[in-house]
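As structure tokens, the structure follows; a few thoughts come after it.
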Amino acid sequence: MGWIRGRRPRHNLEMSEFHNYKLGLAKSDFSTRCQKQRCPVIKSKCRENASPLFFCCFIAVAMGIRFIIMVTIWSAVFLNSLFNQEVQIPLTESYCGPCPKNWICYKNNCYQFFNESKNWYESQASCMSQNASLLKVYSKEDQDLLKLVKSYHWMGLVHIPTNGSWQWEDGSILSPNLLTIIEMQKGDCALYASSFKGYIENCSIPNTYICMQRTV
């Protein structure tokens, strides 16, 4: 009996330690399972939080690209309008007499720039119907406004095949120091462009034109 009593406390101690050990393992296993179960949840939440951020970044980039495109378009439109704007005439020039309504009065001459396209003969007839003629260049000083012209317009200059000269509608010969004639196409008529240049063109091709009326 003494031996049995002596062993029971030891047995109880071992059982208690074994029970505590199993309890510790159970807690550790439970903690591990909890951590494993929580990780997908946390990752899912991270993805959910990342989605709005990614969407916001995508929207910001798209808006930035759109802004750059719009600025490029606006710049192109502005530059196009700048280089193709109508002739700006100084208002301080001396009085040059009466001109038809809406015509430009400049240094004893009246000018009108017509945007409708006609061939050379139709353009000439249109000017004559308004008691004017197609543009004649006779002086770089008195007609310095012609430096501002940006596009091509019919003027009253034609080629005479018999002698190879260029003449104005009134029969006068072109002075070589007034215009630089450039052969753009085969033809017997000439278009005026900027900086006192004339471009050879087929007379039957429609173009805009300039009418001119002398006041003196």
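Just so it is clear, glycine is given a Cβ too, placed from its N, Cα and C backbone atoms.
Cross-referencing C96, C110 with Swiss-Prot gives C110 as the cysteine bonded to C99, criterion being a recorded disulfide. Checking C34, C39, C211 against Swiss-Prot, the residue bonded to C127 by a disulphide is C211. Checking N49, N115 against Swiss-Prot, you find N-linked glycosylation site recorded for N115. For N163 (N-linked glycosylation site), the nearest neighbour among the recorded positions C105, C110, N202, C211, judged by Cα separation, is N202.
Each residue of the domain 'C-type lectin' (98-213) gets a DSSP state, and the totals for helix, strand and coil are 15 helix, 49 strand, 52 coil. The Cβ neighbour count for C110 (disulfide bond), using a 10 Å radius and every protein chain shown, is 21. Across the residues of the domain 'C-type lectin' (98-213), the predicted structure has a mean pLDDT of 93.
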